[in-house]
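One structure is given below, encoded as structure tokens.
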DNA sequence: ATGCCTTTGTGAACGCGTGCACAAAGATTG
DNA sequence: CAATCTTTGTGCACGCGTTCACAAAGGCAT
């Protein structure tokens, strides 16, 4: 998925499991859809299907909130919508600032999903003086100089960072100093924040890399013979097998193509060679 | 299905834990930065700090890849960059199509982080005929009609969906039918795909809702006297505490602010328009 | 070589999250 | 009111992921 949180130490969270919290918005969305279709009640089975999860998991998730269902019937849609909204804190207004109005920042400013859930874009902030005053999503961009004042005046506690990576930590520090305690970070950097500040990150590049890993694995399985060969080579060649078999495979790769690893990365990304690990043929 | 590795430590084979895979890009980024500064070696402690993780975790993560470190010294930066890149499949080129060129789609098309990691945007696709031919990020937008042909001609196996929610499943189906096996979904919908197809989702609205939850909890703790009092009352009064403490807290909240809960629930469809979270991004 | 110092790699313990399976609870029907 | 049927809520077991803590391994100085 898309996120990660800065590690929260000792918070006596006699509360809802993090994994459950992360699913509540999913349930809420499914419930909202049902609500709009005026469906009065829904069973855990149906709702789970709509949310794309296991029904047992859903019931357990709801059990952390309380007993809001009726046995033999299901859950009252409207009531559940309200309860989840309340639990998530969506019954109140959350002013949000977006810092860094480039392509992504502008897209976020135009994103309809914010307002529909109680998130109000209070201000758009950018460091470029030329952008100041320029309307984006019907709202004038303001300059970074006024960041602190904007946050204070609007009582903002959630900030979105969509600046380039180089500016992110600096912006983050100013946001935190100004009183922000929750940050959604789109910049490809690890932000360091003091305790008590939550950071969630969305990293497009990382998501793609994870997909690439699985994609490669899938491709490798189809032409799976290669891997076997690599293992065989390792054994026949009497390669000094380190600690375990997993390492052996890696070692086999080294023994052939990866020997020139440091050299290979000097330039080209071409490595069609006798890799033994990387599939030589791409999925069509 | 997975009959092979029933009784075996996952050390063998491509048994890299999912959690580890998700962190590899993080390490890679930190290592790349070190590489650019010509740092020759790095210890697990230093690298962990740069990546924002625990050093023990990092070492264990690397142990799944093999023994690439040198005791007493650390890891060779260049070598590790190569190994991780190879493991993630970044040593090859991954053509990608982006479907839905609204605000977000355009932002993604302009995003530099893709190309820098071996991901090449092969095509931009949109359903709006008026957009066809319009250059976005120096590349003409193509019409959905040609989706299948584009994917086949370019050997694309990774697709990015940045359409409105309503169109996402349909687009997804066509992508899958055309041979796509990995999807990065930005539309706020649960996509259903056949086995063998990976889907990762990025949902901005959900991220904010999770932040709101924690934000609310933080605010509640500061003025936490309320909750404590409520609990005390419950006990002193000999109230039959319902299911568990969590529920007790919820009950306490209702007793104060959420008194109007049942009322609100009759009317809860009001505050959000029919938009829901439908538009991930509207076709500009 | 020998001994010291640093850092890796990993065994083991622990905690969280997931899924199964079922008893309890309520609706519904006759 | 009793019997039946549906669906919730949860106890339990299992597996994954995280963290600790330490022996082994390598470098380096003497």
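Cβ coordinates come from backbone N, Cα and C, glycine included.
Small disclaimer: the values here were computed from a predicted structure and weren't measured.
If you look up TrEMBL, you'll see A:26-65 marked as DNA-binding region. Sequence annotations record features per position, and here TrEMBL assigns domain 'CoA-binding' to A:89-190. According to TrEMBL, the NAD(+) binding site annotation covers A:100, A:101, A:102, A:103, A:104, A:105. If you look up TrEMBL, you'll see A:248-266 marked as compositional bias 'Low complexity'.
Residues 16-17, 20, 73-78, 80-81, 83-85, 87-88, 90 of the same chain, all 6+ positions outside the DNA-binding region (A:26-65), place their C-beta atoms under 8 angstroms from a C-beta of that stretch. Annotation note: residue A:102 (NAD(+) binding site) sits in a coil segment as assigned by DSSP. Less than 8 angstroms from a Cβ of chain B: among the binding-site residues A:100, A:103, A:104, that describes A:103, A:104. Here the binding-site residues are A:100, A:102, A:105; the one with the fewest Cβ atoms within 10 Å of its Cβ is A:102. When the domain 'CoA-binding' (A:89-190) is classified with DSSP, helix, strand and coil residues number 39 helix, 29 strand, 34 coil.
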